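S.K.: For 1-141, the entry in Swiss-Prot reads domain 'Globin'. The feature phosphoserine is assigned by Swiss-Prot to Ser3, Ser35, Ser49, Ser102, Ser124, Ser131, Ser138, with similarity to another entry given as support. For Lys7, Lys11, Lys16, Lys40, the entry in Swiss-Prot reads N6-succinyllysine, with the evidence type similarity to another entry. The feature N6-acetyllysine is assigned by Swiss-Prot to Lys16. Summarising the annotation, Swiss-Prot assigns O2 binding site to His58.
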Amino acid sequence: VLSPADKKNVKAAWDKVGGHAGEYGAEALERMFLSFPTTKTYFPHFNLSHGSDQVKGHGKKVADALTLAVGHVDDMPQALSKLSDLHAHKLRVDPVNFKLLSHCLLVTLAAHLPAEFTPAVHASLDKFLASVSTVLTSKYR
């Protein structure tokens, strides 16, 4: 459960991401594909090379979903319901992959926002991404 301080930290950090959200989303995906090659199996139709338009496009989708979640932090299940359905019923993504991407997102944010990425912000973002992952996997059952 996100505390009021966590919500404040997440919103402040995401505000700092600003117009770079899509770029950071794509970078996190690239990190995931390089660090955890088995995740590539969900994207057989993508050009997964560095800077590909498909990775950039999906990175933007990831970032847009996170922006939506930040904006609806008190009602993520409702806000992310369609995305949860998509991943559970159509794409059938193994839930562990959300944890892998979350880790890569944290690394990406730490690299780009070193001054803002305090231990408290790190903990809040980690809890937030875990909450998003829980919502996205809630319809698997």
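Any Cβ shown, glycine's included, is placed from N, Cα and C.
Note that the coordinates shown come from a computational prediction; the quantities given were computed from them, not determined experimentally.
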S.K.: These are the recorded positions: Lys16, Lys40, His58. Which one scores highest on other Cβ atoms within 10 Å?
M.R.: His58
S.K.: Are there any residues in the same chain, six or more apart in sequence, whose C-beta is under 8 angstroms from the C-beta of Lys11 (N6-succinyllysine), and if so which?
M.R.: Val70, Val73
S.K.: Can you tell which of Ser35, Ser49, Ser124 has the most other C-beta atoms within 10 Å, given these are the modified residues?
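M.R.: Ranked by Cβ atoms within 10 Å, first place goes to Ser124.
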S.K.: CB neighbours of Ser3 (phosphoserine) within 10 A?
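M.R.: If we count other Cβ atoms within 10 Å of Ser3 (phosphoserine), we arrive at 10.
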S.K.: Using DSSP, how many residues in the domain 'Globin' (1-141) fall into helix, strand and coil?
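M.R.: DSSP composition of the domain 'Globin' (1-141): 111 helix, 0 strand, 30 coil.
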S.K.: If we check Cα distances from Ser49 (phosphoserine), which of the modified residues Lys16, Ser35, Lys40, Ser102 wins as closest?
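M.R.: Answer for the nearest of the modified residues: Lys40.
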S.K.: To the nearest Å, how far is the Cα of Ser102 (phosphoserine) from the Cα of Lys7 (N6-succinyllysine)?
M.R.: 17
S.K.: If I take every residue in the domain 'Globin' (1-141) and average their pLDDT values, what number comes out?
M.R.: 94
